[in-house]
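I have placed the structure first, in the form of structure tokens, so that the comments after it can refer back to it.
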Amino acid sequence: MSFLNTPLDGDVPLAELHPSIDPGAEINASDYQIASSQESENEAEKESPDDVKPPPFNQATGEMPSTEEFSGHYEFSLLMGVGSVNDAKNVKKSWEYSLKMNKLYVKVGSAVPVSFKINNQLDWSDLKVRALLVYDNPDDARTPVERCSSHKDPSHKSNKDCPNVNHVLCCQHRNASYERDQYSGRYSVVVALGEPQAGATYATILYMLNCKSSCEGGISRRNTSIIFTLEKNNKVCGRHVVHVRICSCPKRDMNQEQEFLSCSTSSMLSRGKKRKLDHFGPIRIKSEGYPLPSLLPPLPVSSLNSDLPPQPRYEPLNYMEVSLHFFSLLYG
């Protein structure tokens, strides 16, 4: 009897592990090892990276993501700083929000509470919120927003609790997922929305920005915005956009830009009224109390008095004729 059919206690016969082996046949161990290595190589070829499907394309992180407001079926909406102590007295504010300009002014590394809301009658499950930082200028719209080399250094103090040093926009949430689109190179952070707490109508998420708008080699004083998209199964269900400026003095910068906006608007309105009056107002050109004859319409032929004798017609004199006549008078 072959040793293959006499298993030890607790051992499994080789024929049971490989049904293709004849129980009565004698197997060489070296042949078995070669066959096993060939099977493993075939399995590795089947699972090669070339056969792995790339992640599905997401419109929210494409080369030209939309910035159009979109509430959608879920009636998606957001508020800045709901229930925050940022509005309390005697508290040094680390961020400001201008409702007039829909713009957020925030210090580097400061947490900003953003509250999201959908229709309470709908299901909140499987809903995610994606935050994406983009440039406003069309010339830079396709360029991903990246941190400067100084703030991106892992040894920088701002990266002590930073989950990803390449992302300017981060989220203080334990289940936050940091992604980079392999097609566009854009960085985004995704968080499951989840249902609001008892007695609350909004779900609040804390966001922070880890690079200044004035950093050279990074944003470099270019205008930026945050696109918040509501997604379900990789499909956009809602969208809201908030302009953002990362600075050292949020309140000062907000007041300056609001004042500049007010002055620009008032000057444009005044210029518009003046041009309107100049364009549509009457032409008042006077000479000794009467309009210039060139501006008067010509009289019709029928209105002329035909009884008057014809007036002599004077032709203009030539310059040489005038000179000769002048010398003839002087020298006779």
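Any Cβ shown, glycine's included, is placed from N, Cα and C.
The following features are taken from TrEMBL:
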BINDING   Cys148, His151, Cys211, Cys215  Zn(2+) binding site
COMPBIAS  43-53  compositional bias 'Basic and acidic residues'
DOMAIN    67-258  domain 'p53 DNA-binding'
REGION    1-67  region 'Disordered'
SITE      Lys89  site 'Interaction with DNA'
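Feature map: TrEMBL annotations on the structure.
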| residue | record | Cβ within 10 Å |
| --- | --- | --- |
| Cys148 | Zn(2+) binding site | 17 |
| His151 | Zn(2+) binding site | 22 |
| Cys211 | Zn(2+) binding site | 24 |
| Cys215 | Zn(2+) binding site | 19 |
Subject >> the domain 'p53 DNA-binding' (67-258) [mean pLDDT, rounded to integer] >> reply: 89
Subject >> Shell list (Zn(2+); ref centroid = CB of Cys148, His151, Cys211, Cys215; cutoff 8 A) >> reply: Arg147, Ser149, Ser150, Lys152, Val168, Asn210, Lys212, Gly217, Gly218, Ile219
